[in-house]
């Protein structure tokens, strides 16, 4: 099989080589023919150029002769004119001489005059005869005739030469046209020759490649022949060894009668050896076939991949051309629209001046960061909105009572501020400058606050936490609201009684409480504020509050000074920063947005100027803390 395939390949290669050689010979013959035609055209061109040069020489000779004749004619004309001028001068001189002679003869006698006159009569006749002889001499007439004949002949020659010149010029133009045609044909022939040379070079390359492939195939053939010979020799050696082994086995069998099992094993061994050799030969053939297939498949895959890449590139090119055309159209449309808009703008600027800009909107009210943080914590503890709806449904009545209590508490606070309660001074030097912070998520703010609370928990002693006991598990806000509710129910009949009881209950009594218990209570209130799932009952119809204005506010905590913790609410919009001090004995009271707006402006002014806030101490009997209003932060 291999030998037949190799012979077929060799036949194909030889046929291709013969075809390439035949094409090469045909192209060579065509090249020779084109060279012969080119040589003929060159010879014709050279002959035409020679004829042109001869015509040019003849025309130059004729022009020189004509110029010589014209010069000779001009010389003869000048000679004749000079002769005529001399004749006129002589006539004038003769006349003057006659006049002079007549004057002299008048002086002489009449006899002499008559004689003289006779002599003179004879003389003018002789003079006229001499003049006639001079004028009518044969030589002059001959010369004049010759000159006239020469002039006529020269003119005729001139006409003939002019005609010849015109004919030569026409011939020259025709020859030039022929030369141009020959040049064009030569250029065409040169281009054809170049093309044929390129084809010849391609054929040479193809023939070189074919020869190289033929040589490679010859080398492979020789190698395969050598390998086949080696394989045959190896097979012969193996066959000889196998025969030797068979003989030895027969001798052994004859010498010692073995068992039937040994005979069967030997037979099986021989069969297995034959099968192994056959399988080895088949395996080698399969390996060769697979290698050839792999080579062919690799080439086909490369060609297929290249074709696919070509198609993809062509598609990309078309898409890019379409995009380019569309972008050009868009650019034109945009230019047109820009021009129209510029025209409109120019017309509007020229026609009517622009109206004044509207006034800027009023700045929003300052946000309440503590309220926003509380709403954030509420959202974190209650992510779903179903629980808030249930709470709103279950507690619509208590919200109205709480709002009334809040209003009463605000009025009480305002009365105390107006009466002039002594306020604690606040250290304003430790106040940090307001810096614009970027908007952070609710989770990061809550994590920071919880970390601060953790540090506060670590700083305080464990005794203060144990001394509080299980009574502090309830939040301070719930206690205050419960107490206010009881007082409101007890004294609902008279508003003065409500005010008195609420004032007596909410008014702090100055007592001696240890600083440890104060700090512990303050910590517990802070933890209750930030960790309570629902510290404030929302107003009906309000829904969960959102965190607004976090970018313009910042909450900072200060370490305890003189037994209390201070918290600052710094706003980047306000230059004078309001300070809220959370003391261990201060009371926390809830407020709504409307109540915060109804506050007295004097309190806001005092807080902006940096004055201290009222300090409310815990009652010794109850041990409860209040809440300061922090809506102005």
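Think of each number as a place in line: the chain as shown, counted from 1.
Backbone N, Cα and C atoms are what each Cβ position is placed from, and that goes for glycine too.
Annotated features in Swiss-Prot:
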type	residues	note
MOD_RES	1	N-acetylmethionine
MOD_RES	3	phosphoserine
MOD_RES	4	phosphoserine
COILED	7-353	coiled coil
MOD_RES	101	phosphoserine
MOD_RES	249	phosphoserine
REGION	343-508	region 'Disordered'
COMPBIAS	352-369	compositional bias 'Pro residues'
MOD_RES	375	phosphoserine
COMPBIAS	403-418	compositional bias 'Basic and acidic residues'
COMPBIAS	456-465	compositional bias 'Polar residues'
MOD_RES	473	phosphoserine
MOD_RES	487	phosphothreonine
COMPBIAS	490-505	compositional bias 'Polar residues'
MOD_RES	494	phosphoserine
MOD_RES	496	phosphothreonine
MOD_RES	506	phosphoserine
MOD_RES	515	phosphoserine
REGION	525-633	region 'Disordered'
MOD_RES	537	phosphothreonine
COMPBIAS	550-559	compositional bias 'Polar residues'
COMPBIAS	590-621	compositional bias 'Basic and acidic residues'
Least surrounded among the modified residues, given as 4, 101, when other CB atoms within 10 Å are counted: 4
Rounded distance in angstrom between the Cα atoms of residue 101 (phosphoserine) and residue 249 (phosphoserine): 181
Between residue 249 (phosphoserine) and residue 3 (phosphoserine): CA-CA distance (Å): 38
Fewest Cβ neighbours within 10 Å, where candidates are the modified residues 3, 249, 487: 3
Integer average pLDDT (0 to 100) for the coiled coil (7-353): 82
Cα-Cα distance linking residue 4 (phosphoserine) and residue 249 (phosphoserine), given in Å to the nearest integer: 40
Tally of DSSP helical, extended and coil residues in the compositional bias 'Basic and acidic residues' (403-418): 16 helix, 0 strand, 0 coil
Rounded distance in angstrom between the Cα atoms of residue 487 (phosphothreonine) and residue 4 (phosphoserine): 120
